[in-house]
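Just below is one structure, and these are the notes that go with it.
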């Protein structure tokens with residue numbers, strides 16, 4: 001007999017939160033009340049106000065029911081259900097009574113003061129409210145996603161129905177018990193706008209008078225942020241309510257409820273996998289689902305959508321199975337990619353670049369003895385990415401709106417487009433987009449005038465390249481500066497990217513660009529330099545210096561001559577700081593390989609040799625930092641284009657905030673210069689203790705410094721270096737290259753009791769370091785509030801579609817990808833180095849031998 005009274009758990013003096021399990025509540029205060037099932041909303045509200053001992057005339061309450069939406073173990077998701085009237089109370093208690101696994105309803109009560117002017121009662125008041133300016137709040141802290149669902153695109157429910165019904169089989173004659181299904185909703189489903197509740201993870205919000213009412217965009221995945229696991233709090237384990245969930249080891253029962261049809265389908269699949277049984281679909285539409293055993297043993301499940309509360313309910317169940325199998329099929333047809341997607345979605349959300357083998361291992365762990373094929377799991381990961389981050393085609397449609405929302409919230413950011421004509425008015429093909437975030441542009445003014453550039457492949461449905469420009473901050477760490485998505489690396493695309501940087505990013509008088517020796521980059525820079533000679537536009541930097549990554553130069557020669565000794569000598573020649581040492585190594589290279597020496601002489605020395613650089617590089621010899629950042633973005637490069645840009649946005653938000661906090665802590669400790677600069681200075685200071693200084697001319701600060709003899713080397717030590725303090729030069733070259741006093745300068749300063757710290761370049765000061773990260777990011781509005789920009793509807797170009805089938809690796813590996821002592825890959829047939837199984841010269845012979853044996 002159903003009880004006429006229900007128990008309510010009432011949480012108060014806290015706040016609602018959202019985590020991986022949906023809505024939760026932070027706060028330890030809880031009370032229990034028991035109410036009649038026919039209680040009205042007014043009576044319930046009065047009971048709660050009395051129970052919580054509130055001032056009835058001065059305070060109001062907001063009631064939210066925490067409803068368990070998904071009832072499949074171990075996954076339980078809770079959604080907020082606002083209680084605003086009698087019908088809401090009736091539905092809540094009806095759900096509680098019809099779900100025997102629940103022993104109470106969990107309520108969240110928020111107390112609100114009764115103040116004048118909260119409710120807009122006239123159009124005039126509403127217009128005044130709309131005219132008030134929005135207050136943007138800088139992003140100081142960024143925690144985990146606080147939305148129940150922040151999915152830009154959701155696959156069609158009707159497509160799922162077709163796949164589900166056609167995959168398994170057929171309608172045939174069967175006894176249909178319609179008397180159990182008379183209570184379902186035959187009307188078309190109406191879209192309901194859900195309230196977006198959010199946790200304030202963007203720092204201090206404005207006061208109540210200026211509170212921002214528009215929800216902000218939240219990262220759809222934890223991977224969009226750096227290490228924030230310590231901040232995650234799962235409230236689903238804190239409540240006192242005990243729920244016994246249905247799982248695949250249990251039988252179904254009449255009255256069991258699910259949030260939607262997909263949950264019912266998933267439960268049936270779980271049950272079938274657990275019991276090694278197959279089933280077929282008898283009927284499937286928007287309001288009914290009827291499946292039965294494929295062997296007609298009498299097992300069947302019937303579910304329908306109830307019009308009273310909109311949930312799907314089991315209305316008929318005959319079970320368990322009475323049939324048995326003679327064989328076991330390890331790769332069940334039930335284990336399709338759609339089912340696998342549900343099982344691995346949480347893993348893809350945590351790491352969207354997760355390997356297929358790792359997902360296969362997870363399926364094997366969850367469903368013993370079932371093997372999922374590589375293609376099924378690959379397709380499941382693709383569907384999970386679409387479910388979590390949006391469809392690839394729809395993402396191109398959404399991209400202009402995202403960029404407009406970015407500019408609206410961060411007006412100092414820069415975006416430039418390049419599109420192609422589709423022949424249809426109001427639409428365009430995507431060709432290129434450049435963007436740079438405002439805080440990066442502003443902060444770059446306080447960095448060294450050196451930019452490293454590189455490009456990396458995009459994965460997913462469409463091809464393309466992501467171009468990246470990186471600077472270095474005072475601590476020699478990577479400083480993300482500008483990005484672009486283009487069709488390919490070419491002279492045209494690199495010229496366009498670099499021209500955008502010059503127009504939108506830098507206002508410095510001199511810029512040094514470091515890159516590899518890609519022909520497109522070299523041609524683009526030559527074209528820019530030629531344009532600068534003819535262009536008097538003051539917005540262009542008058543001096544642009546191009547330098548090569550020394551590691552890439554050495555690697556290019558190794559690929560041509562296959563000589564590791566030559567490669568090491570070129571790297572050494574490029575990295576030494578004195579002309580004398582450079583000339584000595586170059587002479588040795590010419591003797592070792594005259595052809596390589598001649599080819600190396602053809603490359604302008606200032607482009608690859610540090611000794612001839614003139615201090616433009618600030619000691620940076622490689623593009624390692626930008627390539628490391630490419631690794632950080634690897635997980636984002638297989639996302640739809642808009643999701644990838646959101647990923648980059650949230651990464652930079654977290655990166656800037658962490659750097660800002662660390663620098664402030666260093667300043668509070670009394671530090672003046674960055675750790676990178678101080679490590680170099682202290683190393684030189686220790687060496688300077690053994691130098692012998694002779695003052696030559698005090699007026700212009702000229703000194704002669706003799707270094708001690710090095711007992712471990714014949715050619716090192718016992719040299720004289722000339723220091724000129726007024727000219728800020730030392731004959732060793734290190735001061736000019738790194739902008740940090742060398743050991744000879746420090747020894748000279750000590751000889752006349754002069755503070756050597758004053759000669760460290762100001763770019764290494766912590767005040768400059770902090771200034772580079774002080775500009776703040778502002779949160780982007782939630783996607784529901786993005787405005788339609790004055791921009792054509794954007795489509796991906798058909799020529800950029802990736803070919804079907806398993807994609808080949810786009811990483812063109814060379815000798816830089818292998819360590820000196822690392823074992824090289826061997827052929828799987830003959831076990832020899834230098835080729836693989838497909839190119840093995842013994843492949844035909846091996847195939848013939850196997851055929852003979854068989």
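Note that Cβ sites are derived from N, Cα and C of the backbone, with glycine treated the same way.
Whatever TrEMBL says is automated annotation, not expert-curated.
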Looking at the candidate ranges 77-108, 109-140, 141-172, 173-204, report the one that TrEMBL labels region 'Disordered'.
173-204
Which of these ranges is annotated region 'Disordered' in TrEMBL: 815-834, 835-854?
835-854
If you average pLDDT over the domain 'SWIM-type' (703-753), what do you get?
89
Taking helix as H, G and I and strand as E and B in DSSP, count the residues of the domain 'SWIM-type' (703-753) in helix, strand and coil.
14 helix, 13 strand, 24 coil
